[in-house]
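Under the heading signal peptide, Swiss-Prot lists 1-16. Annotation comment: Swiss-Prot describes 19-59 as domain 'LRRNT'. Marked as repeat 'LRR 2' by Swiss-Prot: 108-129. The domain 'LRRCT' feature in Swiss-Prot is assigned to 249-295. Among the features that Swiss-Prot reports, domain 'Ig-like' is placed at 295-382. Positions annotated as domain 'Fibronectin type-III' by Swiss-Prot, on the basis of sequence analysis: 427-525. Residues annotated as compositional bias 'Pro residues' in Swiss-Prot: 595-604.
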Amino acid sequence: MAVLPLLLCLLPLAPASSPSQPATPSPCPRRCRCQTQSLPLSVLCPGAGLLFVPPSLDRRAAELRLADNFIAAVRRRDLANMTGLLHLSLSRNTIRHVAAGAFADLRALRALHLDGNRLTSLGEGQLRGLVNLRHLILSNNQLAALAAGALDDCAETLEDLDLSYNNLEQLPWEALGRLGNVNTLGLDHNLLASVPAGAFSRLHKLARLDMTSNRLTTIPPDPLFSRLPLLARPRGSPASALVLAFGGNPLHCNCELVWLRRLAREDDLEACASPPALGGRYFWAVGEEEFVCEPPVVTHRSPPLAVPAGRPAALRCRAVGDPEPRVRWVSPQGRLVGNSSRARAFPNGTLELLVTEPGDGGIFTCIAANAAGEATAAVELTVGPPPPPQLANSTSCDPPRDGDPDALTPPSAASASAAAKAADTGPPTDRGVQVTEHGATAALVQWPDQRPIPGIRMYQIQYNSSADDILVYRMIPADSHSFLLSDLASGRTYDLCVLAVYEDGATGLTATRPVGCARFSTEPALRPCGAPHAPFLGGTMIIALGGVIVASVLVFIFVLLMRYKVHGGQPPGKAKAPAPVSSVCLQTNGSLGPTPAPPAPEPAAPRAHTVVQLDCEPWRPSHEPTGP
């Protein structure tokens, strides 16, 4: 019976501990407003001066707004266990770092706003777990890199992706191509210089694509653009229309953009940046016939090259055209040469063979191609045995040449034959363009009058040397048919082309027509065997004169030291004077007569100790009187 009262006392406590009752809501963070009375729960902390995500968040919240604060990082534990969160706003903070897996528990999240922060990169693990994300806003950050797998978890659900106002030079285009449900893609105000062909071909639901203010010079045709009509303004456009914005890019208006010019547009502000004839003109006002390309022209290629087996070899090929041609190489066996363990192909047209073998010899073909055509050139490579060793101390000099070494003189027979051989394998040379005289640093170019071409405004000379890729231009008046090229480098091969710039009577536009090309070589700088140059003599004379002066000073110092020692350590002219004598003690035998001469010395004998008495008196000279 004693148990019954105890049970009656415990009955009021039972409902409080029942699992069916809802848990006590967490306290609302300081400076925040919380909506917990009705579903969905929300925590609103905009502009609250927060330095980090509040730890006392209600984990049941469906909406969390932390915009306009000073949050610098999102840690793994900040948003843990918030499985019901649908909307998260972290806009306009100072976020620099997002921990890997920071959003891993937000599997129900649909909208994530990270715009207006300081993110510099987005890795593969930072957005992990967002399997239901539809809106991702990353604009106004400092993003310079986007990992290829950063959007893998939300690739099938993402509908809105905003990457505008960042520092992106490259994008994972393959990953973007997997966003099959994306409706809006914002790539404007970045540093994108190119878009690969077919990058948007699988974005079937794309309705708006913004690529405004990038560095795009061309936009490749895409199947998506050909299927849907293009309208510049979304207002009044049909449901299936694609809104494409690409203004503010330095468009190069050539034949590669004809497909875009043919599409129907309402209005936009795109303009051409190049070529110079179309620069600054409204894109949609340029006629289709003005979108032209120029076929490639090979301006430089390596002369016949001979290397010993086992040594590296570099084959060079340069070409110009509009658009810039792409250079490829074909081996003597007819195979396309690419990057491998023995060869490297560079975008500038250089093919480097790291280690040559006897089987590498033959004719290599350089193929330069662009949208307007292609051009080829052959380069001969000979692989032979190593050359005989040369003496390291051997010296040689070239015989002097009459006159100035840089004067224009006809080439020698050897150089003429070498130039003729190079011309046979070089680019086609027009007989109308001739380099009649060339020395070590100058060459005279001549071409005939181009009467068949009406309305010539000027001539243009293009040339470059075998040692660099810089193409030099010279504009010549229309009434001139020769030009002296100066400031050339000695011992180099130059490829030169002359073009006529004229006004096309049919279209009224400026056009160019090649007059011809030529190849020539400047003579090497000679080392004369005569007397050394004046600067050399002047330096030698200065050194010799300085040596003479130094030697004279040393001799003078030596003489002074010797004289100083001879005079007993006193300067010359100041010899030591004899000390004054006050008295002299003389030994006498009782008389003051003249002192007899001393006897001859006798052999020394032992002396006994004797006492000698001295009579001393003041000394007087003999010529003075002794009395008054």
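The backbone N, Cα and C atoms fix where each Cβ goes, glycine too.
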Annotated stretches the domain 'Ig-like' (295-382) and the domain 'LRRNT' (19-59) touching (3 or more Cβ pairs under 8 Å): no
Sequence-remote partners of the domain 'LRRNT' (19-59) [C-beta within less than 8 Å, at least six residues beyond its ends]: 65-75, 78-79, 81-82, 86
Helix, strand and coil totals (DSSP H, G, I; E, B; other) for the domain 'LRRCT' (249-295): 13 helix, 9 strand, 25 coil
Residues of the domain 'Fibronectin type-III' (427-525) by DSSP state, where helix covers H, G and I: 0 helix, 52 strand, 47 coil
Residues in the domain 'LRRNT' (19-59) grouped by DSSP into helix, strand and remaining coil: 0 helix, 6 strand, 35 coil
